[in-house]
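Features of the protein shown, as given by TrEMBL:
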DOMAIN    A:22-463  domain 'Amidase'
ACT_SITE  A:LYS76  active site, charge relay system
ACT_SITE  A:SER151  active site, charge relay system
ACT_SITE  A:SER175  active site, acyl-ester intermediate
Amino acid sequence: MENKTLKQLSAGLASGEFSSTELTRHYLDKIKQHDGTYNAYITVTEEQALAAAKQADEQIAAGNAGDLTGLPIAYKDLFCTQGVRTSCGSKILDNFVSPYESTATDNLNKAGMVMLGKTNLDEFAMGSSTESSYYGATRNPWDTDAVPGGSSGGSAVAVAADLAPVSLGTDTGGSIRQPAAFCGITGLKPTYGRVSRWGMVAYGSSLDQAGPMAQNAEDAAMIMNALAGFDAKDSTSMDKPVDNYLADLNKPIKGLKIGLPKEFFGDSLDDGIRAAVMDAVKQLEAQGAIVKEISLPRTELAIPAYYIIAPAEASTNLSRFDGVRYGYRCEDPQDLADMYIRSRSEGFGAEVKRRILVGTYALSAGYYDAYYRKAQQLRRMIKQDFQAALADVDVIAGPTTPSPAWKIGAKNQDPVAMYLEDIYTLSVNLAGLPGISVPCGMKDGLPVGLQIIGDYFSEAKLLNIGHQFQQATDWHTRKPTVGGNS
Amino acid sequence: MSLDRSQVESVAQLARLKIDEAEMPDYLNSLNSILDLVDKMQAVDTTGIEPLANPLDAAQRLRADVVTETNKREQLQANAPATEDGLFLVPKVIE
Amino acid sequence: MQWETVIGLEIHVQLSTQTKIFSGSSTQFGAEPNTQANEVDLALPGILPVVNEQAVAKAVAFGLAIDAEIGKKSFFERKNYFYPDLPKGYQTTQLEAPVVGPGHVEITLDNGETKSIRIHHAHLEEDAGKSLHEDFHGMTGIDLNRAGTPLIEVVTEPDMRSAEEAVAFAKKLHSIVTAIGIGDGDMSQGSMRFDVNISVRPKGQEEYGTRTETKNLNSFKFMEEAIEMEVERQIDLIEDGGKVRQETRLYNGDKKTARAMRSKEEANDYRYFPCPDLLPIILDDDYIEAIRATLPELPDAKEKRFMADYGLPQYDASVLAASAAMADYFEQTVKVCGDAKLAANWCMGELSKFLNQQELDISACPIPPENFGQLLARIKDDTISGKIAKQVFQAMAEGEGSADEIIEAKGLKQVTDTGAIEAMVDEIIAANQAQFEELKGGKDKLMGFFVGQVMKISKGQANPGQVNQILKKKISE
């Protein structure tokens, strides 16, 4: 059961090599043993997990199990899970037990998956390092002094350190792809509207999307088959047929046209990452892909546009945390105003407050046009750039991040320095396109991610390319030494 | 554009946040560097470009007007800081 | 100095949908606190709104009824402010692209003059919950059952110049809302809430004065009183050298007083922006025409038809047409009795008086229109007099049966048999020989006495016309 892919574990369950209960206990034990080092989990749901595993075993015995029945999974603590604390990494929700289930987790639970627990994240998904959580920083298993990336750092580490065979993350500006790159796993951000946002606590509502964080593209495809789909409870969910993401995995990529945006290979790109990504591109070429240079001229403008739109949406999404109906309320409020101000000021951490302030300012009278409206206009231009590029090539490839994982504490005092690290991922969310990050090399003992961006609803193609790449390379099979510094 | 202390205070008041005296210099500093970053947008001519609010440019679906919900008050108030007789309690509201 | 009053209204109309605008919770009035508030209405983390199709349809119906442009691409925005009965910390509403654009409503004043009041727009939005200020150990209780109830907010141009005009407009709007069935219009339950913006300016001045807003006037009477009081306050203030402050005021209809609401410490900055959880509502011509086809006859058209088809005076026609239910009742009554003017008089008179006394809506009237028509038919065919009819009406209202049954059971049929009346006249003459001689001698005043006496012994059932005739014949004999 050690270091097995989801697919291998699925086969093990099917053949009776081990039961879901044994498999679940195996992971629960590993979490107990090692998570003190990594802090990947906020909450471990042992009791529920064993109950779900037992039910899965019964289903397997009865012969009506699916692909995913009995397989353990970890959920980012941004998904509402009924009867389980849903903290969003924030003091303000430390005592919040969700009375309802998110559609994303519900889909996976219904497919028979066993929730091991809720993983750590930057508070309300606002961050790129998983350092801003009320529950402390998560550590990168490749170097426990390094950040795992964020905001889905706990979900990335759970998979990288084999404290879960697979996990669920969310991506607003790179929060699946960047930690996947930093931790050497595969992470897919689907097209906006492909996975329901119902019950996924909102950060930037027009940007947020849930997706799988897995050991490889094939495992991610298995999850996508259960995760994706229309949900009438989400007005932004798209009523479009869902692909069978496993069907095309083995299609050869001969003739695939890949565009390399020259703006993704500028001066700010780390040389080691540039080399690893170019090697990966050569590998794809060797498999028959046709590579050409393209341009995404507003790449740099995605940073300002994103850092207006996301905080603006967040500033009002977070207004509901007011101490009235749930969540933290300050001690002995003097009056209503005092209750609002102290509950929120004591309940939110510094980066969340910073983004609320930026967003509030950007929407305030006299600044709306210069900031919010301008950013939304730029957003359309960025989308148009992608559409023009994708008219010419099938997919766009480049680095997921400009540099590998940095040391804990290196950037969290300088928000702008951290924001600049999101340069290759933000524009994908602004345009609503799908993107995948697959491991493609190492730089000084830290993993490097290759990002592939596709047209709307082309997740099957991205998974196909990822899988084909992983058939020819072994970066995705490399594992950190769990239990100590590598 | 840059923010001074009183602007930060008034924006914080709008957002029902209070920035402690001790934290103010850090906030001023980081907020102004963020504004410097986002102000790079101002160089782009966006005349005539329609703002994009939703990446897919799709239309709203409408829901049938049918009651689907039952009373879940007990469950939903389990997280509440203060309730009485089924009401959420807050410090006195004065109009 | 001569002053001119300028009034604009903002009217919140609760739409009579089964469920809330963004959730499947029931909107029924009067439930236990927070039993009709689900995770969406409580704004739990992670919830999302989906728009109720009936809320959109009813808003469009309203737009068509006031001859407005319908927004083919409207969208929702967030209006951000903190208040305990506003769970999300923002109200989902419309600002830049409302579903109903400019329209107009015609009003008729008491002097018969008509005036067109322009509607700036009407937008869809959600209602807030309720704050209960009764003492919970010095705290306020929050009930979110009402949170998320669909509303349209109708905003007029500042076109009204007196309390009379404002009230006429408010009544007209009320009649439109109830006629097309988009709301129950019950002002006492807050189903329709009027906020009045009032300013004054010297007559002839173009520029508007500073306005105040008086909120939540829950009857037409209170609205009229509140406007008159506020206009007087503003004029006195200015004439005493003061200035009107822009503020929100609350009128207390029971105490006949008004006061300014506690002014907010900082100016409101609502930070409107398009709600990213909702997509634009796109309406095409087919949709709009399909709704137009379902619209019932509107009060204005009904009023014109009542004048043309029934020959009613405008006043009667407008009163009856103001309420769709009353208009229907009237028309069914006419069908049975065949006399429109008689039916109008009785609907506006005895029937309305009774309904007001009992505080009943016409829809809850215990007398079916068929029976009411039958009663009037009996007046028309001289079976009973108008006076007896009132007696029969009371019995009908008390559930004693149909008009004919009551007339029969109580023996109230008018005596029209000439022989029987003549016998009664003779009896009265015999008993009052001296007075009869005086009458014959030309003392016409005594006529009334004799008719009265005959009516008395007939218990009101003799046909007074016939009594008169027979008496005259006796005098000339």
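A Cβ is built for glycine as well, from the same backbone N, Cα and C atoms used for every other residue.
Since this is a predicted model, take the numbers as computed values, not measurements.
Projection of TrEMBL feature records onto the structure.
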| residue | record | Cβ within 10 Å |
| --- | --- | --- |
| A:LYS76 | active site, charge relay system | 32 |
| A:SER151 | active site, charge relay system | 35 |
| A:SER175 | active site, acyl-ester intermediate | 37 |
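If you take the Cα of A:SER151 (active site, charge relay system) and the Cα of the residue listed as 'active site, acyl-ester intermediate', they are about 5 angstrom apart, rounded to a whole number. Reduced to three states, the DSSP call for A:SER151 (active site, charge relay system) is coil. Put simply, A:SER175 (active site, acyl-ester intermediate) is 11 Å from A:LYS76 (active site, charge relay system) when counted between their Cα atoms. When pLDDT values are averaged over the domain 'Amidase' (A:22-463), the model yields 97.
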